[in-house]
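A short write-up of the structure that comes next.
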Amino acid sequence: MSFTLPANFSYSDPLPFTCNEDPSVKLSILYYLIQASYLVLSAILNVLILNTIFKSKNKEHYRNNSFYILYTTEAVVNIYTSCVAVFFSRLFSDVTPLCPLVAPYFFTPSIITKAYYTINHYMLAFKTLSQIAVSFNRMTCVILPVRHVHLWKRILWPMVIAQFVLPLGVIWNILLSRVYINPNGAGFSVNYKDAIPWANISFLHLFHCIPCVVLVTIFFIVTIYGLTILEYRIKNVERYLTIFTLIMGIQTALFAFTQIYFAFFTAYLPGIRSFMLFSAFHIFDLLHVYSPIALIIMHRQLRNDIFGLKQENGNAR
């Protein structure tokens with residue numbers, strides 16, 4: 001059944017619909033279980049990383065390194081978004097038998113869907129800003145190896161505060177708008193009708209996405225150049241952390257490109273809208289899974305501290 005918003009409706013009007021029938025219920029549930037498995041894995045690994053940073057015998061090493069403080073904020077966001085995806089958004093979009101049972105509770109305005117949608121977009125904006133900060137951190141480590149530590153002692157906490165404050169500029173229109181649910185396949189997902197049309201969510205995300213693309217690209221080029229000319233001036237672990245961050249930067253920049261498309265080009269290129277939705281959805285899945293796994297694989301000392309392994313020979317730091 002197709003779903004069309006009424007031309008005129010009040011903030012409190014119910015917006016009912018009939019859930020679509022799912023011809024492949026078992027396949028949908030299997031798809032959900034696959035997603036849930038890697039999202040839960042991501043959350044568990046991030047919890048282990050946080051525990052290591054703050055409670056391991058080498059906690060002072062991690063807590064005195066600005067990279068790990070920045071990653072801590074990223075890990076907290078990833079844990080939250082992974083858990084919410086498993087127990088809310090993916091659950092109700094992919095476990096299709098739940099749709100007719102649960103959807104009627106959200107036909108009228110709900111604090112649950114409002115909070116979910118608002119926090120979700122806050123977290124998306126946070127992640128783009130976080131990537132700018134982490135990419136800049138790695139660039140200064142490579143090109144300013146002597147002054148890097150002193151520089152970040154001065155700017156770390158202002159940057160962390162900015163990461164938490166600036167995403168508020170993305171969500172204000174959602175707070176004013178009607179958040180509702182609509183059919184998504186044979187399940188349902190959350191959407192909104194903007195109270196102020198010019199301030200749609202994709203447009204507001206651009207204030208973070210465009211700087212993200214520009215700055216991460218600049219940091220990427222400068223960092224790669226620095227790695228080639230200063231190969232022996234940074235420790236192995238710093239080099240691995242830099243490579244790890246560069247890959248994350250590429251993924252975040254790709255997501256930013258999808259938001260630029262939704263803000264400016266949907267009317268001109270409607271044929272690729274489904275592909276761009278698919279890309280945006282899976283890019284952030286990839287970021288959630290990649291970041292903790294790659295960090296643990298690339299960082300020998302962190303891996304040893306997490307799993308209680310004996311120190312291997314070689315330069316772990």
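Every residue gets a Cβ built from N, Cα and C, even glycine.
Small disclaimer: the values here were computed from a predicted structure and weren't measured.
Per TrEMBL, transmembrane segment is recorded for 29-54 (among others).
Away from its own ends, the transmembrane segment (66-89) comes close to residues 35-36, 39-40, 42-43, 46-47, 49-50, 53, 116, 119-120, 123, 126-127, 130, 133-134, 137-138, 141, 149, 152-153, 156, 159-160, 163-164, 189-190, 241, 284, 287-288, 291-292, 295 of its chain (Cβ-Cβ under 8 Å, at least six residues beyond either end). Residues or ranges marked as transmembrane segment by TrEMBL: 66-89 (among others).
The transmembrane segment feature in TrEMBL is assigned to 95-117 (among others).
Outside the transmembrane segment (155-181) by six or more residues, the chain places 5, 9, 11, 15, 66, 69-70, 73, 103, 106-107, 109-110, 113-114, 117-118, 121-126, 129-130, 133, 188-196, 199-201, 204-205, 207-208 with a CB less than 8 A from a CB of the stretch. If you look up TrEMBL, you'll see 155-181 (among others) marked as transmembrane segment.
Packing against the transmembrane segment (201-228) from elsewhere in the chain are residues 121, 124-125, 128-129, 131-132, 135-136, 138-139, 142-143, 166-167, 169-170, 173-174, 192, 194, 239, 242, 246, 249-250, 252-253, 255-257, 259-260, 262-263: each is 6 or more residues past its ends and has a CB under 8 Å from a CB in it. According to TrEMBL, the feature transmembrane segment maps to 201-228 (among others).
The transmembrane segment annotation in TrEMBL covers 240-269 (among others). Sequence-distant contacts of the transmembrane segment (240-269) (same chain, at least 6 residues past either end, Cβ-Cβ under 8 Å): 67, 127-128, 131, 134-135, 137-138, 141-142, 200, 202-203, 205-206, 208-210, 212-213, 216-217, 219-220, 223-224, 227, 234, 276, 279-280, 283-284, 286-287, 290-291, 294-295, 298-299.
Per TrEMBL, the feature transmembrane segment maps to 275-297 (among others).
Residues 11-17, 19-20, 22, 25, 28-29, 32, 84, 88-89, 174-175, 178-181, 183, 185-188, 190-192 of the same chain lie 6+ residues outside the transmembrane segment (95-117) yet bring a C-beta within less than 8 angstroms of a C-beta in it.
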